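Trainee: Take a look at this one; I'll ask things after.
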Amino acid sequence: MTDRLPHEKGFHVSWDQLHRDARALAWRLQGVAPEDGWRAVVAITRGGMAPAMIVARELDIRVVDTISVKSYNHQTQSAPRVIKSPDMEIVGDGEGVLIVDDLVDTGKTLEVVREHMPKAHVATVYGKPMGRNMVDTYVTEVSQDTWIFFPWDMALQYVEPYRGA
Ligand SMILES: O=P(O)(O)OC[C@H]1O[C@H](OP(=O)(O)OP(=O)(O)O)[C@H](O)[C@@H]1O
Ligand SMILES: Nc1nc2[nH]cnc2c(=O)[nH]1
Ligand SMILES: [Mg+2]
């Protein structure tokens, strides 16, 4: 487990917001694409899968692979482990390849992923200051003491009105 600030704030992201932010990410990535476009997208599972799908759709990238890195159990972090690698025949050293994740926090996940594909372009939708240097392109920054809640971890539920009957 690593020392980290407690999460004092929550940043709740709806599907709609995620879609808009992932499209904004795709727009930026379009601006820095190699001349003949990105060769492939590698999603960091599981959180990178929905953003990677949206980016691949916007940029018409048909080759999509995954790398699976496990480090968090709820909000507790341990040393990241690669438990599934992408097809190295496709991604090679990462040249022309986009790596997509939902967020960077401490940057430890991306450190491990970058070792696999050193020349890849790393993109996340959200970022926190500690991991900022591990990302080439991202859209929205939140403070280090904020926990981001994604739509796949939430459900709509009834709330009591402020003033009861
Ligand atoms: O920058 P770091 O401190 O390494 O944290 C960022 C990673 O943590 C979360 O994944 P998690 O390990 O919770 O797995 P999941 O994507 O399967 O939910 C998130 O999706 C990033 O991949
Ligand atoms: N959902 C979620 N997963 C994370 N993994 C590391 N930081 C975060 C975060 O802020 N939110
Ligand atoms: Mg993840």
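In case you wondered, yes, glycine gets a Cβ from its N, Cα and C as well.
Annotations per TrEMBL:
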DOMAIN    14-158  domain 'Phosphoribosyltransferase'
BINDING   Arg46, Gly47, Asp101, Asp102, Leu103, Val104, Asp105, Thr106, Gly107, Lys108, Thr109  5-phospho-alpha-D-ribose 1-diphosphate binding site
BINDING   Asp102  Mg(2+) binding site
BINDING   Asp105, Ile148  guanine binding site
BINDING   Asp105, Ile148  xanthine binding site
BINDING   Asp105, Thr106, Gly107, Lys108, Thr109, Trp147, Ile148  GMP binding site
Trainee: Could you round the CA separation between Gly107 (5-phospho-alpha-D-ribose 1-diphosphate binding site) and Ile148 (guanine binding site) to a whole angstrom and send it over?
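Mentor: That separation, Cα to Cα, works out to 15 Å.
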Trainee: Could you give me three numbers for the domain 'Phosphoribosyltransferase' (14-158), the DSSP helix, strand and coil residue counts?
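Mentor: Secondary-structure composition of the domain 'Phosphoribosyltransferase' (14-158): 49 helix, 49 strand, 47 coil.
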Trainee: Measure from the CA atom of Trp147 (GMP binding site) to the CA atom of Asp105 (5-phospho-alpha-D-ribose 1-diphosphate binding site) and give the result in Å, rounded to a whole number.
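Mentor: Asp105 (5-phospho-alpha-D-ribose 1-diphosphate binding site) and Trp147 (GMP binding site) have their Cα atoms 9 Å apart.
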Trainee: Could you round the CA separation between Lys108 (GMP binding site) and Ile148 (guanine binding site) to a whole angstrom and send it over?
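Mentor: About 17 Å separate the Cα atoms of these two residues.
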Trainee: Kindly state the mean pLDDT of the domain 'Phosphoribosyltransferase' (14-158) in the predicted structure.
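Mentor: Computed over the domain 'Phosphoribosyltransferase' (14-158), the mean pLDDT is 96 on the 0 to 100 scale.
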Trainee: On a count of neighbouring CB atoms within 10 A, which of the binding-site residues Arg46, Lys108 is highest?
Mentor: Lys108
Trainee: With every protein chain in view, what's the tally of Cβ atoms within 10 Å of the Cβ of Thr109 (5-phospho-alpha-D-ribose 1-diphosphate binding site), excluding that atom itself?
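Mentor: Thr109 (5-phospho-alpha-D-ribose 1-diphosphate binding site): 26 neighbouring Cβ atoms within 10 Å.
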Trainee: Enter the number of other CB atoms within 10 angstroms of the CB of Asp101 (5-phospho-alpha-D-ribose 1-diphosphate binding site).
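Mentor: I count 31 other Cβ atoms within 10 Å of it.
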Trainee: If one measures from the C-alpha of Ile148 (guanine binding site) to the C-alpha of Arg46 (5-phospho-alpha-D-ribose 1-diphosphate binding site), what distance in angstrom results, rounded to a whole number?
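Mentor: The Cα atom of Ile148 (guanine binding site) is 15 Å away from the Cα atom of Arg46 (5-phospho-alpha-D-ribose 1-diphosphate binding site).
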Trainee: Of the binding-site residues Arg46, Asp105, Thr109, Trp147, Ile148, which ones put their CB under 6 Å from ligand 2?
Mentor: Asp105, Trp147, Ile148
Trainee: Restricting to the record's GMP-binding residues (Asp105, Thr106, Gly107, Lys108, Thr109, Trp147, Ile148), give me the longest CA-CA distance in Å as a whole number.
Mentor: 17
